[in-house]
Amino acid sequence: MFSSLGVECNILELDQVDDGANVQEVLSEITNQRTVPNIFVNKVHMGGCDRTFQAHQSGLLQKLLQEDSAYEYDLIVIGGGSGGLACAQEAAILGKKVMVLDFVVPTPQGTSWGLGGTCVNVGCVPKKLMHQAALLGQELKDARKFGWEYSHQVKHNWETMIEAIQNHIGSLNWGYRLSLREKAVTYVNSYGEFVEHHKIKATNRKGQETYYTARKFVLATGQRPRYLGIPGDKEYCITSDDLFSLPYCPGKTLVVGASYVALECGGFLAGIGLDVTIMVRSILLRGFDQEMAEKVGSYMEQHGVKFLRKFVPVMVQQLEKGSPGKLKVVAKSTEGPETIEEIYNTVLLAIGRASCTRKIGLEKIGVKVNEKSGKIPVNDVEQTNVPYVYAVGDILEGKLELTPIAIQAGKLLARRLFAGSLEKCDYVNVPTTVFTPLEYGCCGLSEEKAIEVHRKENLEVRLCFTAYFFRIWRSYDNCLSLIDLFCST
Ligand code: FAD
Ligand code: NA7
């Protein structure tokens, strides 16, 4: 085929060269393919015979065969969050011409934010600050028991906290812009979508469209909160995307969901003194060690968070407008016909996040997306089924959704693409922490997963007291509750 296209190609017969076995080993490392032919076009790994013929049929091969100078950029990254920024900056440090597009589609409540993605604006950073606000309140209470005497009434001011958090985030947004400028990365505040191979359309806030081309692309579009699909959800409920900049105190709050986002938000809202109920459809912290998840839950319950287990909301109705207003929530049991209703000031949905992969023109260039989950399957070098398109971060199928992982994957990808590195991202033994009132850190498999993978008879399960105490012994109440907790188990 290459001959018929008049393409000059270099053929290395592995069984006819001395170090053929070594070359095959390295090829298998960097491409995840041991078989031959193993084809590269202009330094982009194509795959074997079938994928090369497919690429020829779709016209992709002809594009790849064109000169590099046919493209405006060496790399365009779609998504300026944890993974995208790390990858773009590393590629620029390696001397490449790089563009990054970042655009935040406002929430149904109209909330929007600046450069840096989820973690910085509506994720790790503000949630950790709110968690800290809650811990400080707890420590103030503890302080009396440790001899501190104060006469002023201590109360929490939501607006002050939000202003401080948003100022901090503003400085981070600015820092990212500066850092991109210093590294000569072109930043475009527009929504990117593919229109054809190697070409994207960027649409800005005013609807102006501009087209850009690049030799390689990295998708790093992240995720956004899901909605329930029940009457009143998008009109009256908020999500974590709204909470961290909410201009008024949410008041009596219902949190729907039992994942770490739900429990963390419920935990710090209760910690600053709000009346909080968490509505749980099935179990707490799916995917985490269930014994630990229950300890986190019971600690929260002892500290005033109410749990409504085995219920799901079916309707949210506005009773009164306001900041906050009044909402009636009707919920039904997952186990029988029972329905309940209750009035809250705020309903916070934390029922999972959907990948932003459906509206970026991937179908136009044939990038495979898992139909059900919206996630993108990649090989172990983060390459999609379209050889010049790579992906990192939360949108990857079967990988952990954490900032340090997205950053590490983005950096290593740039080094492999542009500096000949072979180092791949390790997605397995990654430590993570749940910042609930009782903080919980873990690394590796949960007990349930370990049993599934290695079978119960091959495992010895032990509780590690030291780490557990070390992390949270700081508060008087914590100590007492922990001693209770462990004495009773
Ligand atoms: P993101 O950071 O989400 O960035 C994607 C960016 O791309 C966004 O700015 C988005 O607006 C933009 N974008 C999307 N589509 C387009 C398009 N078509 N064109 C242009 N731009 C586009 N992780 C931790 O490690 N520790 C924590 O404590 C932690 N806490 C969290 C708390 C909350 C409440 C949430 C929601 C998440 C938390 N995470 C935490 C997860 C962490 O935020 C994500 O894993 C991380 O941000 C993923 O990075 P990313 O690069 O994949 O995507
Ligand atoms: P997760 O980890 O996907 O968890 C979703 C939670 O919401 C989980 O407790 C679900 O219960 C619950 N859920 C899902 N759908 C519903 C409906 N329809 N009704 C009630 N409850 C529901 O989501 P997160 O938001 O915490 O985290 C996603 C990522 O965000 C995370 O990995 C980080 O990257 C940040 P279930 O257990 O399925 O019964």
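Each residue, glycine too, has its Cβ placed from N, Cα and C.
All TrEMBL annotations are machine predictions without curation.
In TrEMBL this protein carries:
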- 2-45: domain 'Glutaredoxin' (DOMAIN)
- 73-410: domain 'FAD/NAD(P)-binding' (DOMAIN)
- Cys119-Cys124: disulfide bond (DISULFID)
- Lys128, Gly192, Asp394: FAD binding site (BINDING)
- Gly257, Ala258, Ser259, Tyr260, Val261, Ala262, Leu263, Glu264, Gly352: NAD(+) binding site (BINDING)
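Annotated features taken from TrEMBL, shown on the structure.
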{"residue": "Cys119", "record": "disulfide bond", "CB count, 10 Å": "24"}
{"residue": "Cys124", "record": "disulfide bond", "CB count, 10 Å": "16"}
{"residue": "Lys128", "record": "FAD binding site", "CB count, 10 Å": "16"}
{"residue": "Gly192", "record": "FAD binding site", "CB count, 10 Å": "24"}
{"residue": "Gly257", "record": "NAD(+) binding site", "CB count, 10 Å": "24"}
{"residue": "Ser259", "record": "NAD(+) binding site", "CB count, 10 Å": "17"}
{"residue": "Val261", "record": "NAD(+) binding site", "CB count, 10 Å": "23"}
{"residue": "Leu263", "record": "NAD(+) binding site", "CB count, 10 Å": "30"}
{"residue": "Gly352", "record": "NAD(+) binding site", "CB count, 10 Å": "13"}
{"residue": "Asp394", "record": "FAD binding site", "CB count, 10 Å": "29"}
Q.
Between Cys119 (disulfide bond) and Lys128 (FAD binding site), how many Å separate their Cα atoms?
A. 10
Q: Can you tell me which of Cys119, Gly192, Ser259, Val261, Leu263, Gly352, our recorded positions, come within under 6 Å of ligand 2 at the Cβ?
A: Ser259, Val261, Gly352
Q: Consider only the binding-site residues Gly192, Gly257, Ser259, Leu263, Gly352: which of them have a Cβ under 6 Å from an atom of ligand 1? Write none if no residue does.
A: Gly192
Q. In the same chain, which residue numbers or ranges, 6 or more beyond the ends of the domain 'Glutaredoxin' (2-45), come under 8 angstroms Cβ to Cβ?
A. 51-52, 56, 61-62, 64-65, 68, 215-216, 379-381, 383, 387-388, 416, 422
Q) Gly257 (NAD(+) binding site) to Cys124 (disulfide bond): how many Å between their Cα atoms? A) 18
**Q.** Largest separation between Cα atoms (Å) of residues that the record links to NAD(+), namely Gly257, Ala258, Ser259, Tyr260, Val261, Ala262, Leu263, Glu264, Gly352
**A.** 13
Q) Taking every residue in the domain 'Glutaredoxin' (2-45), what is their average pLDDT? A) 86
Q: Compute all pairwise C-alpha distances among Lys128, Gly192, Asp394, the residues listed as binding FAD, and give the largest one in whole angstrom.
A: 30
(Q) Of Gly192, Ser259, Val261, Gly352, Asp394, which is closest to Cys124 (disulfide bond) if I measure between C-alpha atoms? They're all binding-site residues. (A) Val261
Q: May I have the DSSP-based helix, strand and coil counts for the residues of the domain 'Glutaredoxin' (2-45)?
A: 15 helix, 5 strand, 24 coil
Q) Residues near the NAD(+) site, Gly257, Ala258, Ser259, Tyr260, Val261, Ala262, Leu263, Glu264, Gly352 excluded, by Cβ within 8 Å of the Cβ center? A) Val255, Cys265, Leu285, Ala350
Q | Cα distance (Å, whole number) from Ser259 (NAD(+) binding site) to Lys128 (FAD binding site) | A | 16
**Q.** Three-class DSSP secondary structure - Gly192 (FAD binding site)
**A.** strand
Q: Pop the Cα-Cα gap between Leu263 (NAD(+) binding site) and Asp394 (FAD binding site) into the table, whole Å please.
A: 20
Q.
Just to verify a number: CA distance, Gly352 (NAD(+) binding site) to Gly192 (FAD binding site), in angstrom, no decimals.
A. 24
